[in-house]
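The block underneath contains the structure these notes are about, expressed in structure tokens.
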Amino acid sequence: MSPLDTAPPVLKGEDGEGSVQVHQDDSMKIEGAKVFSVYGKGGIGKSTTSSNLSAAFSKLGKRVLQIGCDPKHDSTFTLTGSLVPTVIDILKEVDFHAEELRPEDFVFEGFNGVKCVEAGGPPAGTGCGGYVVGQTVKLLKQHHLLEDTDVVIFDVLGDVVCGGFAAPLQHADRALIVTANDFDSIYAMNRIIAAVQAKSKNYSVRLAGCVANRSRETDEVDRYCKTVGFNRIAHMPDLDAIRRSRLKKKTLFEMEDAEDVVQVRKEYIRLAETLWNGTEPLAPAPLPDREIFELLGFD
């Protein structure tokens, strides 16, 4: 029987009225590595941020695993230089007999030794993406691929905050939110904060802070953070070099040493050091929708 044929067990109401979540088997807990889950509005640059952060951790000498949790499976392509097959694709090829898989079938080495996995997802409108993430972690555990890893980064689909795509929060120590200095991005961040706060009642995950990405200024992000008790822990400016790195299928650490590129690399290294050394667990108070409109100057 396919591991995806069985409906995932769910718990209702444990972290908010009407909440439905995928239950984590304690044996699937990731131990020994620091685990980060990256969220943000769709199209905000989570994959770019995750990949460059993975590269930065590797530059610090850490053994890194990045897990893409989006059916688009493009999370790791700047690390590997290609769109690698997903765990779900590989399982389909062996009729979901996971015991037939070898690590090299679904784990691919990227820039500076970063290990890359794309979980993939079920067809649109079917299945549970969170369950797919669980099966991916299960495979990694079965093949002992997490034992020699210092850092695990989950790059999570868009700003979806359902129980299924909150599944990486079950494994994460800290959640990081990628945002920009505009209303839509901050609005999405506010919703993600509410979701993480709800899940943290049952899981050990806590918020680490936010990254202002593709933003010349950070005034709106900083104003929001000050209001709710959150922290901006990095600022990645809106550089054409970042866009070009995506087109070249490379991380920023492989681009030419232009002054602006060097500065952004330093910011990623600083972010990696901050996360590795540990951040204070944050408990911001998300705002009602109307208050966000008022805060950011909308009538």
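Residue 1 is the first one shown; counting continues down the chain.
Yeah, the Cβs are placed from backbone N, Cα and C, and that goes for glycine too.
Between the candidates Lys72, Lys199, Lys266, Swiss-Prot assigns the ATP site shared with Gly43, Ile44, Gly45, Lys46, Ser47, Thr48, Asn213, Arg214, Pro237, Asp238, Leu239 to Lys72. Under DSSP, Ser47 (ATP binding site) is assigned to a helix (H, G or I) in the three-state scheme.
Summary for the binding-site residues Lys72, Arg214: the Cβ-based neighbour count within 10 Å is maximal at Arg214. Taking a C-beta cut-off of under 8 angstroms and a sequence separation of 6 or more, Gly45 (ATP binding site) has the following same-chain neighbours: Val178, Asn213, Arg214, Met236, Ile242. For Ser47 (ATP binding site), the same-chain residues 6+ apart in sequence whose C-beta sits under 8 angstroms from its C-beta are Gly68, Asp70, Asp74, Ser75, Thr76, Phe77, Thr78, Asp155.
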